Amino acid sequence: MPAPQCFSCHAARAALRRPRSGQALCGPCFCTAFEAEVLHTVLAGRLLPPGAVVAVGASGGKDSTVLAHVLRELAPQLGVSLRLVAVDEGIGGYRDAALAAVRRQAARWDLPLTVVAYADLFGGWTMDAVARSTAGTGRSRACCTFCGVLRRRALEEGARLVGATHIVTGHNADDMAETVLMNFLRGDAGRLARGGGLGSRGEGGALPRCRPLQLASQKEVVLYAHFRRLDYFSEECVYAPEAFRGHARDLLKLLEAARPSAALDLVHSAERLALAPAARPPPPGACSRCGALASRSLCQACALLDGLQRGQPRLAIGKGRGGRDKEGPPGPLPPPPSDPESAPGPAAGECGAACKERCE
Ligand code: SF4
């Protein structure tokens, strides 16, 4: 049976059926519609004001590649300028190839690129060193939990370095729905309370962050990359496979089979969620070491680095959120262990932020 005509231009043959609406569109009309929807998300949510200098968290993966490409198309209408900021976590055999993809994109699109490295920002610690230190196997299940915290900090530092006023990341609707499910499954009211909306306005001196692709499905992100012939890096990070997020992803697939709008419905549910006063987390304060936003005496990044220093790495994602704890004063940060054999024992952490390029 021949493909139907494009619903929009009525000239070309349709090349796809939009997963949610079922609309049959040709490739160019789909890309135009996708860009218009991202523009609407940004304008309706007042995410990026005219004049904003926008740091795009660029990982080389499909989501951040599509985000950078779409924002580059929309930049004249939005009146914003773009900077690519990439984070080098120090993951051997993975990140170098992903960074090569980011460099190609920066050159092709003529966008300035800055790379910030964990090793420079965090006293010599790389993710490989953290993995050795936390598990001794080099493939700890806690890696993504640690990495998600450090990555957030690194992106903030990189954005400040390039004079950005705003940060954007490539999270799509599926990513956000998975996060909502994970927070429900962990009973993490604090994260559920913060998880709604299209971003954060920049509490406590942090730069405002937003997710312009948050209402776009993963399938459509892939289709956009396909029809725009975007060059991106698609290998999975070596530390990702064990992550808890994988269970949420499987669950979401089952839900979408029965209800195609399940991902977007979950995102909207989180936006509208109202917590009872007793369940709300205490208002955040400032980290006693670095001044970043913190719900305890140390922010998560400083607590993590402090734990690595003491040989007792730990994180409290989803645990102990009743109030601020009493952590001792921080000491100087020692260099990471270079010899895997000398690394301390395994961490008790649980992976909570595995990304396949979604950890910004
Ligand atoms: Fe970091 Fe993402 Fe790799 Fe996890 S999957 S270790 S968050 S880069």
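For all residues, glycine too, the Cβ spot is worked out from N, Cα and C.
Please treat TrEMBL annotations as automatic predictions, because they have not gone through curation.
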Which single residue out of Val38, Val87, Val149 does TrEMBL record at the ATP site shared with Gly57, Ala58, Ser59, Asp63, Gly170, Asp175?
Val87
Per DSSP, three-state class assigned to Ser59 (ATP binding site):
coil
How do the residues of the domain 'Cytoplasmic tRNA 2-thiolation protein 1 C-terminal' (285-315) split into helix, strand and coil according to DSSP?
11 helix, 4 strand, 16 coil
Since the record lists Ala58, Val87 as binding-site residues, which of them has the fewest other Cβ atoms within 10 Å of its Cβ?
Val87
